[in-house]
């Protein structure tokens, strides 16, 4: 079938089961082919092909609300809602988003990117439906990994208490990104093998009612003994105890089983949970046989061999450099413990986990718990290393402030994917952490210019005993600079001059250092001499150097691959104002006050005006404005 001809999901409503199976095969071939060129979340989407088709067959989108948790498994939904022709642009600049996008389609009723939000959103939609007196079905689809998130469990508790009408689809593939962990995962494992509880209960009730004279009384007695029956038939009965009608387990690749259970769910009053078992990566053997999460989300790959297309050469990956440096130090410091919220592969912690299995904790999608777990460890003299993406640290803000920084505990936050991340777009750009961290008392915040300085910062962080410390670092590979064999501490709060100059000053750090140096080279050819400072400590700043620079009366330009509001440039302005440099010329470049969508990092930087050429032009505009201090 030519999938680009699909304009509306109603097309699946008239298909026979054999036709639906053929459509599934066509979609899998399409995804494998398209994603081999663009990259994307291949594993999750290959696993939900039949489930997505069945949902669109039984429900009437967009009237009925299909809400995709996390959203990376929405590609099949996009195909069935008329967007197959755009898949060549998937996750590309100005192209199709890799997540549900309300501006893209009326069928995308909720935008996601972070996990565990679907149930709360669904409940809000269901309450609005009931208050307005409409009759649409509300259907959140949540994975077993996302169900480990505290927000999802909070919503389950509230939905069950309110007896809200909705149909929750639990897509259980035994993995989130990496293999799942935790007691809830073990409960689901028992449910997978327990048989269809709801069907057995209903059949028993019908059988008892057929017994002459006493059947009705026996059925009533059985209903009163429902709890005993549940515990006999199903190990755990977790969802029934929360107030849900539990259906399953259902074969997520069998249309008859799926459609039968979805039809039954539509008849049930109150919240229903349909437990669907799927195989992540189904239909493409490299993804289907993946046990660690390599094929969860990928770059381009070769279909025939299942090998990834190599990107341009560079240094070691930043995640790998940080984790391996921690591992190296941990060999001589038994206090070091690693923690990750469900990202052991992305954070390159496999080696640490293999060498120190009793000192490595993957807590699942539980950023708040991960942070306070680290705080608890620190109270007992341990040195917790929390590997967490910038975008996910947002979810643990109160714990950072209240549990770690307020108590001045020695926690090392390794903030991965800081800055623009590219193809994952606005839900994953790591551009807010400076603004939400720099004002928190007791916290040290730093970012290295290259991987050699990065390894020394890791060492500095793990040697630091005066409170919490955080190191930001970008996605991808380093610059390929030589690495010192011996690790050394960097004095806290010190900057360094990378290039001297007499006409203007650039203050920057991290990934924008190379941009500043390139701009300085361009300006030198025009006779403009620019000093470039590596402002590697964002907090505390190098106040002695900052005084010296302000006393020089040179115009200052700050550059950051982060939001301007409340960022590093703002801290420099505040310092100048607070210390009486009221005539200082200070301008800022960074991320504007809007969410940055998907595209390559270079394309996004060009769009927002953050390149070496833009920096050189900006320096030229502030040169005539040099003024003396008041």
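A Cβ is built for glycine as well, from the same backbone N, Cα and C atoms used for every other residue.
Just so it is clear, the model here is predicted, and its values are computed rather than measured.
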Swiss-Prot has 72, 113, 114, 115, 145, 146, 284, 367 down as binding thiamine diphosphate; which of 173, 408, 410 does it also list for that site?
-> 173
Provide, as an integer number of angstrom, the distance between the C-alpha atoms of residue 144 (Mg(2+) binding site) and residue 114 (thiamine diphosphate binding site).
-> 14
Secondary structure of residue 72 (thiamine diphosphate binding site) (DSSP, helix/strand/coil) | coil
Over all shown protein chains, what is the count of other CB atoms within 10 A of the CB belonging to residue 173 (thiamine diphosphate binding site)?
-> 22
Find the longest CA to CA distance in the recorded thiamine diphosphate-binding set 72, 113, 114, 115, 145, 146, 173, 284, 367; express it in Å as a whole number.
-> 32
Just checking, which of 144, 367 (binding-site residues) has the fewest C-beta atoms within 10 Å of its C-beta?
-> 144
Least Cβ-crowded entry, counting other Cβ within 10 Å, from the binding-site residues listed as 72, 114 = 114
